[in-house]
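In Swiss-Prot this protein carries:
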- His2: Ni(2+) binding site (BINDING)
- Cys73, Cys76, Cys89, Cys92: Zn(2+) binding site (BINDING)
Amino acid sequence: MHEMSLAVAAIDLAAEQATQRGFNKVTALWLEVGSFSCVDPDTIAFCFEAAAKGTVVEGAQLHFQHQAAEAWCYDCDKTVTLTERGQACPECGGYKLRVAQGDSLRITDIEVS
């Protein structure tokens, strides 16, 4: 379950940013989850709640934003949207693809008080 380590990293980063700026509470956190990130939002929410106990992030609302996977096709020189790993290019049917976005998890916003 890699979601626990991801949740802990997000908590640590949010807490660090809040305290560096003189805030003592993180009230909400927005995470962008790529469709190829292999991150389950329900699992990371569970891990987030458990790992946040006793930190300035405890009780913060967790919001998820979905990011579609996009790839560059070397065969047709187009950026295409993909729905699953291993999929052929929807434009030309080629398999020479490089994922350009949608394979990551990142914090997009932090709300503090």
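Placement of Cβ uses the backbone N, Cα and C atoms for every residue, glycine included.
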Item to check | Cα-Cα distance linking Cys76 (Zn(2+) binding site) and the residue listed as 'Ni(2+) binding site', given in Å to the nearest integer | outcome: 35
Next on the checklist: Using a 10 Å radius around its CB, how many other CB atoms surround Cys76 (Zn(2+) binding site)?
Outcome noted: 14
Checklist entry - Among all the protein chains here, how many other CB atoms are within 10 A of the CB of Cys92 (Zn(2+) binding site)? => result 14
Checklist entry - Where does Cys73 (Zn(2+) binding site) sit in DSSP terms: helix, strand, or coil? => result strand
Item to check | Chain-internal residues near Cys73 (Zn(2+) binding site), provided their CB is under 8 angstroms and they sit 6+ positions away | outcome: Thr79, Val80, Cys89, Glu91, Cys92, Gly94, Lys96, Leu97
Item to check | Packing count at Cys89 (Zn(2+) binding site) (other Cβ atoms within 10 Å of its Cβ) | outcome: 19
Next on the checklist: Using the CB centroid of Cys73, Cys76, Cys89, Cys92 as the Zn(2+) site centre, which other residues of the same chain sit with their CB within 8 A?
Outcome noted: Tyr74, Asp75, Asp77, Lys78, Val80, Pro90, Glu91, Gly93, Gly94, Lys96, Leu97
Next on the checklist: Validating a neighbour-count step here. Other CB atoms within 10 A of the CB of His2 (Ni(2+) binding site): how many?
Outcome noted: 13
